[in-house]
């Protein structure tokens, strides 16, 4: 690992810890604000923020564990801990969305008087904190699935804070108390919809599914263009963390292959070069064979 990469990793860890502290402060402020203003939307945003804080803390712990070296019991190391944490984050987010939906529906039929000034002040504090946290995590969300999950937490809470601010203005100037319940439903719907793609990504990784940016048929076609390859079968491609890709496959050689002309090690090097440069697959296990292997089932 080069020094620049280590510095980036250390910087991201620091940003995660700083985000935990910042979001914990926001959560306390919004809980108190929700209680004193009688705003379900603000209290819901506080619960969402508490979940954000937990999500960021999980992200940090997951990153630390994922750096532990692999051993004989865990030959892939702990890289998948990050993916597992992202899965847990997403599931928690969806549960909270359902909770907000139920509470919002209940309050539609029974709106209560809300202290708009308190609601507005605390909502602005929450928005400022969420924007600061989003800034801290934005760069890391582009390259790390777990940080991306956490960033979506923060982004959704930023939008919910904006809704709360708008609702507070309507309550102060129009006495439109039902808007608190309406915006609660909007926030919960947004959270739920935003969680679905992340849930799909994490489940695909945990099930060792083919990475979404990989088309096996394209790889098969590319490898079979080599004159020493007759066909490629039993292809399996997966990722442990959304970044590193692994592949194993059986390469059936041409029956008329002249081994004096082709060195098998050179053949493997040529195949690996294509896989790395064109498909970003760095970890491969390629098995050469002259005849079809006994197992009939194959993935192509």
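In case you wondered, yes, glycine gets a Cβ from its N, Cα and C as well.
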Any idea which of 83-102, 203-222 is down as transmembrane segment in TrEMBL? 83-102
Assess whether the transmembrane segment (114-137) lies in contact with the transmembrane segment (149-170), where contact requires at least three Cβ pairs under 8 Å among residues 6 or more apart in sequence. yes
